[in-house]
Protein chains: 2
Amino acid sequence: MPTTARWAATLTLTATAVCGPLLGSAHAAPSLGPSGLYAPSALVLTMGHGNSAATVTPERAVTLNCAPTASGTHPAATQACAELRGAGGDLDALTVRDGAVCTKQFDPVVVTVDGVWQGKRVSYERTFANECVKNSYGMTVFTF
Amino acid sequence: MPTTARWAATLTLTATAVCGPLLGSAHAAPSLGPSGLYAPSALVLTMGHGNSAATVTPERAVTLNCAPTASGTHPAATQACAELRGAGGDLDALTVRDGAVCTKQFDPVVVTVDGVWQGKRVSYERTFANECVKNSYGMTVFTF
């Protein structure tokens, strides 16, 4: 192999090895099979300070796709999808973690989750006493 | 510079040059600045066959993030964000394209859009006579 070809091969392999893991799931384009091989799971999660989604301005909003692969702007998409699957998609099943420590300060935050989970529409709202309490429920889903 | 160092430098630069454009927007993690430098825009779009979202099973669902950069499983995220910005976020402003040709077959599809657009909640539903008609409205937003 001439030197230039070796260089080219080396650089290509390097790029693949370096980029492959980084590109990962975020670039796996979900596409429904001809007979609907999987049901779509795509959600938007928001959080804002206040008592009720009806009056709260969303301060943060992230997306979470769980089919066919995990992706989205949720900071822990893969773990959040696994957690939701483990809970059978039941957001109320995400309960406070053992050992979580938060103050009792009342500064309520509202989380909303809208979209589709395994082909079924989701429209969910839950209020926590403060942001620390929000993050103490479940492992990753509400931590964004 | 010793040869090994030159190699290392070359490979790093190559990886950066190759991965940079690929990683692009999909990996730009949205993070709200300390004073809220931008309002979040994150949406889930669904489509299904039928007359009304209340009774239709979502067959496809995609996510679309437009702040701070375009990403998501929407097949044309960048263009869809630009189109939504151009319409001021008004989904009803997306009208039929000149020259679009569709049959009059009545096989209605419902599109829903939920989430947040520039910090305001969105809950939208629109029914089209058939899928071709759906794709003839606007340029890219409803084409998924």
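Cβ atoms are placed via backbone N, Cα and C, with glycine included.
TrEMBL annotations: computationally assigned, not manually curated.
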Return the single candidate from A:CYS81, A:CYS102 listed in TrEMBL as disulfide-linked to A:CYS132.
A:CYS102
Do you know which of A:CYS19, A:CYS81 TrEMBL records in a disulfide with A:CYS66?
A:CYS81
Cβ-Cβ neighbours of A:CYS132 (disulfide bond) (radius 10 Å):
15
How long is the line from the C-alpha of A:CYS132 (disulfide bond) to the C-alpha of A:CYS81 (disulfide bond), rounded to the nearest angstrom?
21
Reduced DSSP assignment, A:CYS66 (disulfide bond):
coil
Under the DSSP assignment, what numbers of helix, strand and coil residues are found in the domain 'Subtilisin inhibitor' (A:39-130)?
13 helix, 34 strand, 45 coil
